[in-house]
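Visitor: Let me begin by handing over the structure; questions about it come next.
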Amino acid sequence: MTNIRKTHPLMKIVNNAFIDLPAPSNISSWWNFGSLLGICLILQILTGLFLAMHYTSDTTTAFSSVTHICRDVNYGWIIRYMHANGASMFFICLFMHVGRGLYYGSYTFLETWNIGVILLFAMMATAFMGYVLPWGQMSFWGATVITNLLSAIPYIGTNLVEWIWGGFSVDKATLTRFFAFHFILPFIITALAMVHLLFLHETGSNNPTGIWSDSDKTPFHPYYTIKDILGALLLILALMLLVLFAPDLLGDPDNYAPANPLNTAPHIKPEWYFLFAYAILRSIPNKLGGVLALILSILILVLMPALHTSKQRSMMFRPISQCIFWILVADLLTLTWIGGQPVEHPYIIIGQLASIMYFLLSLVLMPMASTIENNLLKW
């Protein structure tokens with residue numbers, strides 16, 4: 001008798017994706033982050049659902065409803081902090097996942113990579129709108145500053161901003177629509193993640209060497225299911241350490257003050273995972289230029305396959321490219337630090353230099369290093 005998992009129409013899909021899937025036999029722990037992102041997404045949808053049961057998206061009661069969740073709802077505080085810090089864990093996994101793709105040349109799977117970039121944009125939009133919902137000072141001023149960037153678009157900018165606001169300032173209409181979008185986007189992300197997996201399973205996974213691995217495959221279950229469970233346990237451990245011991249470590253104290261349109265927050269800054277892009281935005285004195293640099297800082301990922309000049313796919317055997325990659329990582333950490341600092345000397349010049357370095361490393365030095373390595377191979 002044939003096993004039900006191989007005959008049942010639904011079970012067959014699950015079987016081919018998670019059980020009998022042929023996987024390369026040498027993929028390292030850097031390949032764990034895909035499954036960890038899936039776990040984060042499920043966790044965020046579940047905690048978000050329970051928060052939405054008690055949250056009210058009205059400017060007069062939003063802040064109070066979040067306080068009510070933390071004080072009066074059974075285990076509301078843990079649900080709230082799991083959701084807030086879950087977003088941080090989500091982005092840590094995401095940055096690791098993208099970094100792995102860049103290092104090992106996974107961007108040569110064009111469809112998978114491009115869907116991944118769309119997923120990144122969708123996640124950034126979701127996180128931004130979620131940050132507005134508690135209606136604290138940083139929520140309000142963050143929403144005002146970031147939505148205002150659209151006014152840099154020539155001719156239609158001002159109308160576009162007022163259309164998004166639903167009025168002449170960030171107000172009740174803005175909060176209500178942000179809540180609606182924040183609720184629907186994770187389900188769109190789930191659908192996109194399924195398409196991401198669909199395209200990945202058309203080609204099969206990459207591996208650390210970047211070499212075609214059809215001649216050496218192993219079943220996904222039990223080898224990689226066990227490996228994924230270990231990763232999941234470590235993720236949950238890290239998340240719960242954050243939630244139970246330092247829930248406000250990554251948050252902003254200003255967001256514990258209710259939103260006040262008459263009083264500007266002293267240092268307007270987004271959550272830590274957007275600081276690198278925020279630093280690039282601030283480093284250009286021109287508004288439109290800053291917005292373009294901000295968008296390009298993420299869109300640069302789409303250009304990666306076109307900028308790949310090496311004869312080898314992975315960076316595993318390319319020491320010059322490895323050096324440039326790790327300098328890029330250090331540069332991104334520098335930008336993250338600068339994004340959280342006030343706009344004054346010496347932070348302004350450091351931010352500008354780090355922004356120039358970011359684009360220089362990605363667009364110029366990376367392809368140059370690959371070409372040099374190609375020539376060294378001939379010796």
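Just so it is clear, glycine is given a Cβ too, placed from its N, Cα and C backbone atoms.
Feature table excerpt (Swiss-Prot):
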BINDING   H83, H182  heme b b562 binding site
BINDING   H97, H196  heme b b566 binding site
BINDING   H201  ubiquinone binding site
TRANSMEM  33-53  transmembrane segment
TRANSMEM  77-98  transmembrane segment
TRANSMEM  113-133  transmembrane segment
TRANSMEM  178-198  transmembrane segment
TRANSMEM  226-246  transmembrane segment
TRANSMEM  288-308  transmembrane segment
TRANSMEM  320-340  transmembrane segment
TRANSMEM  347-367  transmembrane segment
Visitor: How about the transmembrane segment (77-98) with the transmembrane segment (226-246) - do they touch, taking at least 3 C-beta pairs under 8 Å (6 or more apart in sequence) as contact?
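Guide: With 3 or more qualifying Cβ pairs, these stretches touch.
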Visitor: Between H196 (heme b b566 binding site) and H182 (heme b b562 binding site), how many Å separate their Cα atoms?
Guide: 21
Visitor: With the transmembrane segment (288-308) as the reference, which stretch in 33-53, 226-246, 320-340, 347-367 has the largest tally of C-beta pairs below 8 Å?
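Guide: When the Cβ pairs under 8 Å are tallied, 347-367 comes out ahead.
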Visitor: Hey, what's the Cβ neighbour count for H201 (ubiquinone binding site) at 10 Å?
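Guide: H201 (ubiquinone binding site) is surrounded by 14 other Cβ atoms within 10 Å.
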Visitor: Cβ distance under 8 Å to H182 (heme b b562 binding site), same chain, sequence separation 6 or more: which residues?
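Guide: Set apart from H182 (heme b b562 binding site) by at least 6 residues yet with Cβ under 8 Å, we have G48, T126, M129, G130, L133.
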Visitor: Cβ under 8 Å, sequence separation of at least 6 from the ends of the transmembrane segment (178-198): give me the contacting residues as numbers and ranges.
Guide: 17, 37-38, 41, 44-45, 48, 52, 55, 57, 112, 115-116, 118-119, 122-123, 125-126, 129-130, 132-133, 143
Visitor: How big is the gap, in Å, between the Cα of H83 (heme b b562 binding site) and that of H97 (heme b b566 binding site), rounded to a whole number?
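Guide: That comes out at 21 Å between the alpha carbons.
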Visitor: Do any residues of this chain, six or more beyond the ends of the transmembrane segment (226-246), have a C-beta under 8 angstroms from a C-beta of it, and if so which?
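Guide: Sequence-distant neighbours of the transmembrane segment (226-246): 29, 32-33, 35-36, 39-40, 43, 78, 81-82, 85-86, 88-89, 93.
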Visitor: State the Cα to Cα distance, in Å, between H97 (heme b b566 binding site) and the residue listed as 'ubiquinone binding site', rounded to an integer.
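Guide: Rounded to a whole number, the Cα-Cα distance is 17 Å.
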Visitor: Inside 10 Å of the Cβ of H83 (heme b b562 binding site), count up the other Cβ atoms and send me the figure.
Guide: 21
